[in-house]
Amino acid sequence: MASPPSSGQPRPPPPPPPPARLLLPLLLSLLLSLAPGAWGWARGAPRPPPSSPPLSIMGLMPLTKEVAKGSIGRGVLPAVELAIEQIRNESLLRPYFLDLRLYDTECDNAKGLKAFYDAIKYGPNHLMVFGGVCPSVTSIIAESLQGWNLVQLSFAATTPVLADKKKYPYFFRTVPSDNAVNPAILKLLKHFRWRRVGTLTQDVQRFSEVRNDLTGVLYGEDIEISDTESFSNDPCTSVKKLKGNDVRIILGQFDQNMAAKVFCCAFEESMFGSKYQWIIPGWYEPAWWEQVHVEANSSRCLRRSLLAAMEGYIGVDFEPLSSKQIKTISGKTPQQYEREYNSKRSGVGPSKFHGYAYDGIWVIAKTLQRAMETLHASSRHQRIQDFNYTDHTLGRIILNAMNETNFFGVTGQVVFRNGERMGTIKFTQFQDSREVKVGEYNAVADTLEIINDTIRFQGSEPPKDKTIILEQLRKISLPLYSILSALTILGMIMASAFLFFNIKNRNQKLIKMSSPYMNNLIILGGMLSYASIFLFGLDGSFVSEKTFETLCTVRTWILTVGYTTAFGAMFAKTWRVHAIFKNVKMKKKIIKDQKLLVIVGGMLLIDLCILICWQAVDPLRRTVERYSMEPDPAGRDISIRPLLEHCENTHMTIWLGIVYAYKGLLMLFGCFLAWETRNVSIPALNDSKYIGMSVYNVGIMCIIGAAVSFLTRDQPNVQFCIVALVIIFCSTITLCLVFVPKLITLRTNPDAATQNRRFQFTQNQKKEDSKTSTSVTSVNQASTSRLEGLQSENHRLRMKITELDKDLEEVTMQLQDTPEKTTYIKQNHYQELNDILSLGNFTESTDGGKAILKNHLDQNPQLQWNTTEPSRTCKDPIEDINSPEHIQRRLSLQLPILHHAYLPSIGGVDASCVSPCVSPTASPRHRHVPPSFRVMVSGL
């Protein structure tokens, strides 16, 4: 029920009401005995002189003990008493005195409205309304003040709704609103350079309004709100979402009961400690965590867990009293006032709003004083005590006087901006189970003051507003690059030495017979492959982005051309060995080095076509691949996001598929040729065996290197190491296989090339006479001109043999037709022929001789007469030309003639020799007859 004013009249009974003056003494004594302290001025305040007219002020606040917020009203009454007493002592309103009439609203809308209307109807004409604690009651009354031309001043209503001046134009408050903390929070965020925050709000209108206003303030200052979460009962889901969005600075708006749940959830999610900062309301009850930890325990959150999660949170609230040692409008410092207040309340619980109530009384007094001055200066001669609820002019004068308020009170500088108090906001921090003031924000001056060495963070520095992502380029290790570069340089020096060796000894038979031009191509390809290693190791840590993009193309071209040059040369040499020795019908075919160069050139042409199309249609570009974040190895509060540079394009898979398909087919065919010629052995003359081994080496290592480098594309050091080692290994092994045997042979036995020119080739397919070795000719492919000369000479000798066969046949027929001369021919003629044509050293029984005999018989079928012919069946051995004696005689004539006819072309008897009977060794032009040439003759 409403508390009757000290000099007013109680609620009248049904008409006719009794005069108020008859009940006044009784009501005063009754109310003072039942509710001591309900009126601050009634307890020890000096009585105004009887002739002083009162200036009535309506006081609306909860006073009863049954209401929780009644303690606020009872707690501020001692401060109100002090203010009224000091105002009267200073005669600030002389000849008037301030008359505050209190009405209990009980924090109930109906009872508050009834008390307001009773004061309007039955009380005196109140100049102003002082009070308003409960938001719902205050908002209802404040909305109707304009109709009564009354200005209301609240000392405890902090709800942001009342800041709407369109709806509440006559409402003021000395206490900052809940929204007043938002500029202070903004200043704190800027001070610690926190540019990214998240909000966690309880689904209550009061908190939602603060959150909405804070959102506008932060957006205006370009501070990112990365996540906005709200909850009704269970905050754990919202807390988990905040963590998932990497929110480090959390701005909370919830009551103290929900605060315990929030911090328990934060403990479960590990959202506390040096990486996180919680900023929550600071108006909770003292030691609020002690009151709610029992409920927290019921949710499986122990007290120590709650305190651990709370450690370091920052509370934001208005400052109850100014901390400055400055005299206020009353002539006393805030500290002196506080001591007087504590001594005066005498058992009444303190209220944190008492300073705002004290300053509020002074605001009312200064407003009325200014209004009286305005009336006195006007020509209307109106008195302030003549105010009534329909006096719009005086109401506007009081409203304007309120807006002009500016003085220093116990709560700081008292200034209104659009009816809102520009007060002081304090910051407290929870440290070691207690709240410590660490700073304050002055809204008038817009300054933030952090008390030295009071604010503490659990880390060495304030938490970061987000996980600091350090984008780190994964680069090639400099020591690794240096080591592999050194190996590459050694390989290039070795290749240069081989090139020098190959060029210097190009006229040596050993080098000539292994195609020195093709060997030069192998060296060139190896050196290009070596050079590509330097380019593959250059990344963003060594070169610029533009240069890296250029290197993408250059290194691809160099490696491709180098591979094709080296492998193509080996492939061509392997193909020539296969073409010569796999098909005996091709033994008369000449495969020159020029043809091999054409093969290599064709391969390079295909490469160039692919590379040019690739570059023109879809060139390689520098791309940066970002990987998932990794913790800092040094333990810092940062996360590392690895970056890796790649050379890619839009259709990378297609182009690589084309290149791999072409190279793969070439490699498979090369391995096939190497396998087919695996049993070809050409000691000291040919390097086909080593070329085949090189083909195997390159094929296997390229497959392994391509696969492993693809799997390790996210590890540049491993990938570069594998690619470089594969290139070094393939190039080095290939060059060593091709040149080291030649180098050793040339150093140890320079004549090895001319000592053994025979080789055996075993066919894979079984023939009727399996395990039979066929002697074939080793053709010096490097000496094309010499080979052509030998072929011409061979043709000439064959024609000469044909003529000799005809002559011999005629002689034989003559012998058969003249038997009477047989004895003479047998005894004299054959002896003469033997003396003339026989050679003393032509009796060696070698395989080459047998081959000559066999081939000669095969190529002269006319010598094999039909022994069954009737005319040739004479029993006389002399008359039978097919008898062994005749055959022996014929061979004794043919072979010496054949031998001497061929000798000049192969370095035998000089054509100018006087007699063929002279030994070939006697000729100054005599040379050792190579076995290969003897075999060649046998195939005529």
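Using the three backbone atoms N, Cα and C, a Cβ is placed for every residue, glycine included.
Look at Swiss-Prot and you will find 1-40 tagged as signal peptide. Residues annotated as N-linked glycosylation site in Swiss-Prot: Asn89, Asn297, Asn388, Asn403, Asn452. Taken from Swiss-Prot, the feature disulfide bond applies to Cys107-Cys134, Cys236-Cys265, Cys264-Cys301, supported by similarity to another entry. The transmembrane segment annotation in Swiss-Prot covers 483-503, 522-542, 551-571, 597-617, 654-674, 691-711, 720-740. Swiss-Prot lists 504-521, 572-596, 675-690, 741-940 with the feature topological domain 'Cytoplasmic'. Per Swiss-Prot, the feature region 'Disordered' maps to 762-789. Marked as compositional bias 'Polar residues' by Swiss-Prot: 772-786. Among the features that Swiss-Prot reports, phosphoserine is placed at Ser775, Ser778, Ser883, Ser892, Ser912, Ser915, Ser919, Ser923. If you look up Swiss-Prot, you'll see 781-818 marked as coiled coil.
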Self-check item: Neighbouring C-beta atoms (10 Å sphere around the C-beta of Asn388 (N-linked glycosylation site))
Solution: 10
Exercise. Tally Cβ pairs under 8 Å between the transmembrane segment (720-740) and each listed stretch (483-503, 551-571, 597-617, 654-674, 691-711), then give the stretch with the top tally.
Key: 691-711
Exercise. Round to a whole number and give the Cα-to-Cα distance in Å for the pair Cys107 (disulfide bond) and Asn89 (N-linked glycosylation site).
Key: 33
Self-check item: Rounded inter-Cα distance in Å - Cys264 (disulfide bond), Cys236 (disulfide bond)
Solution: 8
Quiz item: Which of these glycosylation sites has the least crowded Cβ, counting other Cβ atoms within 10 Å: Asn403, Asn452?
Solution: Asn452
Practice problem: Determine which residues of the chain contact the transmembrane segment (691-711) at the Cβ level, with the cut-off under 8 Å and only residues 6 or more beyond its ends counted. | Solution: 563, 566-567, 570-571, 573-574, 577, 660, 663, 667-668, 670-671, 673-675, 677-678, 719, 722-723, 726-727, 729-730, 733-734, 737-738
Quiz item: Of the recorded positions Cys236, Cys265, Cys301, Asn388, Asn452, which sits closest to Cys134 (disulfide bond) by Cα distance?
Solution: Asn388
Quiz item: In the structure shown, with every protein chain counted, which of the disulfide-bonded residues Cys236, Cys264, Cys301 has the densest set of Cβ atoms within 10 angstroms of its Cβ?
Solution: Cys264
Exercise. Name the one residue among Cys236, Cys301, Asn388, Asn452 whose Cα is closest in three-dimensional space to that of Asn403 (N-linked glycosylation site); these are the recorded positions.
Key: Asn388
Quiz item: Cys265 (disulfide bond) has how many other Cβ neighbours within 10 Å of its own Cβ?
Solution: 24
Exercise. Over the span of the topological domain 'Cytoplasmic' (504-521), count residues by DSSP class, listing helix, strand and coil in order.
Key: 11 helix, 0 strand, 7 coil
Quiz item: the transmembrane segment (522-542) and the transmembrane segment (654-674): do they have three or more Cβ pairs under 8 Å, with pairs 6 or more apart in sequence?
Solution: no
Quiz item: How big is the gap, in Å, between the Cα of Cys236 (disulfide bond) and that of Asn89 (N-linked glycosylation site), rounded to a whole number?
Solution: 57
Quiz prompt | For the transmembrane segment (522-542), sequence-distant contacts whose Cβ falls under 8 Å of one of its Cβ atoms, 6 or more beyond its ends | solution = 473, 475-476, 481, 484-485, 488, 491-492, 495-496, 498-499, 502, 548, 551, 554-555, 558-559, 561-570, 645, 716, 720, 723-724, 727-728, 730-731, 734-735, 738
Self-check item: the transmembrane segment (551-571) in contact with the transmembrane segment (597-617), cutoff 8 A, at least 3 CB pairs, sep 6+
Solution: yes
Quiz item: Taking a Cβ cut-off under 8 Å, which residues six or more beyond the ends of the transmembrane segment (483-503) line up next to it in the same chain?
Solution: 511, 516, 519-520, 523, 526-527, 530-531, 533-534, 537, 720-721, 724-725, 728, 731-732, 735, 738-739, 743
Exercise. Could you check which of these glycosylation sites, Asn89, Asn388, Asn452, sit within 10 Å of Cys301 (disulfide bond), going Cα to Cα?
Key: none
Quiz item: Nearest to Asn452 (N-linked glycosylation site) by Cα, among Asn89, Cys265, Asn388 (recorded positions)?
Solution: Cys265
